[in-house]
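As given in TrEMBL:
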- Asp243: active site, proton acceptor (ACT_SITE)
- Asn10, Ile11, Asp12, Gly38, Lys39, Gly40, Ala41, Asn42, Glu132, Asp243: substrate binding site (BINDING)
- Asn173, Thr211, Leu212, Gly213, Ala214, Asn215, Gly216, Gly242, Asp243: ATP binding site (BINDING)
- Asp237, Ile239, Cys273, Gly276, Gly278, Ser282: K(+) binding site (BINDING)
- 5-285: domain 'Carbohydrate kinase PfkB' (DOMAIN)
Amino acid sequence: MAVHIVGSINIDIITSLERLPMPGETVLAGATARLPGGKGANQAVAAARMGAVTRMIGAVGEGDAGRWMKDRLAAEGIDISDVEVIAGEETGTAYIAVDGEGENQIIVVSGANARLKAPAPVEEGVLLSQLEVPVAALAPVFAQSRAIRILNTAPALLEARCLFDFVDIIVLNEHELGVYVPPWEAPFSHEDLAARARDLLARADQAIVVTLGANGALAIRRDSYRHIPAVPVISVDTIGAGDCFCGALAALLDEGRRLEEALPIASAAAALCTLGRGAVPSMPARGAVFDLLSGSATEHALPIKNPAAASLS
């Protein structure tokens, strides 16, 4: 089978600075880098590095940026035959500021991503998407596909609730959950989060995964929930950690693992992703993830040395 990802493809312009600016404030930055990105592309690389046969369905603009992104995805072994080049459009761009603690702020210009058309239904494997592409393009493929359907509600869009009936697993963070289930006055206990998340369940066989950053994740079903602790690491950059989690999760489900079995492994992959700078360059290889799970977390306090990632830096 395979992981089929319908999603965004961006160029990431990453700026490093000591602290993120307040509204109206100018802050001097130390360095800027151009890296492959976009939630869809990030998740595709994460799935591929976890060993999944991976197909990317997306759109890029004309010109060097689009060709560069397609080349980077192809170099990961990802099937890019369904990445469309949109005439007259620029490739999507994300402007990302990262502070000294690894936290970030992101502004996205959609570009060609906004022109993505609905793909054909996916009959087997895993279908994964996010919300950096038009909801109108996602609705038909989610409604008609027979694959395991995962929706990562990032960024949170109220109009995307129309998709919830057609997905098997919803993945979102605490902020995104607050958009769909207001009012929101954190912090909440795990039990409170689970109760609120259940408001999004449309069917008894659905599951919701709420990611909690350094506090792990919750796997929520209609009548139960389970907390999955995070692997403790010293993070350098949290960009792409959520995408890594989703891509790894999709790959593990495609192997036939149950959700509750796959989540600790996906959480470990996301932890490793925070040890390097940039999203795609920091996506860990499968071996590194299982090494982390089988060894001491203190052995992974430094940025990972991942040959596959280094080739894209």
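Positions of Cβ are set from backbone N, Cα and C atoms, glycine also.
What TrEMBL says about a protein is an automatic prediction, not a curated fact.
Fair warning: this is a prediction, and the values are worked out from it, not measured in the lab.
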Select one residue from Gly216, Gly276: among these binding-site residues, choose the one with the most other Cβ atoms within 10 Å of its Cβ. Gly276
What's the CA-CA gap between Lys39 (substrate binding site) and Ser282 (K(+) binding site) in angstrom, rounded? 14
If we check Cα distances from Ser282 (K(+) binding site), which of the binding-site residues Asn10, Glu132, Gly216 wins as closest? Asn10
Which of Asn10, Asn173 (the binding-site residues) has the most other Cβ atoms within 10 Å? Asn10
Please name the residue among the binding-site residues Asp12, Asp237, Cys273, Gly278 whose C-beta has the most neighbouring C-beta atoms within 10 angstroms. Cys273
Can you tell me how far the Cα of Glu132 (substrate binding site) sits from the Cα of Ala214 (ATP binding site), in Å? 24
Largest tally of Cβ atoms lying within 10 Å of a Cβ, found at which of the binding-site residues Lys39, Glu132, Leu212, Ala214: Lys39
Compute the centroid of the Cβ atoms of Asn10, Ile11, Asp12, Gly38, Lys39, Gly40, Ala41, Asn42, Glu132, Asp243, then list the same-chain residues not in that set whose Cβ lies within 8 Å of it, in sequence order, for the substrate site. Gly7, Ser8, Ile9, Pro36, Gly37, Gly92, Ala94, Ala279
Number of Cβ atoms other than its own within 10 Å, given for Ser282 (K(+) binding site): 29
Tell me the coarse DSSP state (helix, strand, coil) of Cys273 (K(+) binding site). helix
Distance, Asn10 (substrate binding site) to Cys273 (K(+) binding site) (CA atoms, angstrom): 18
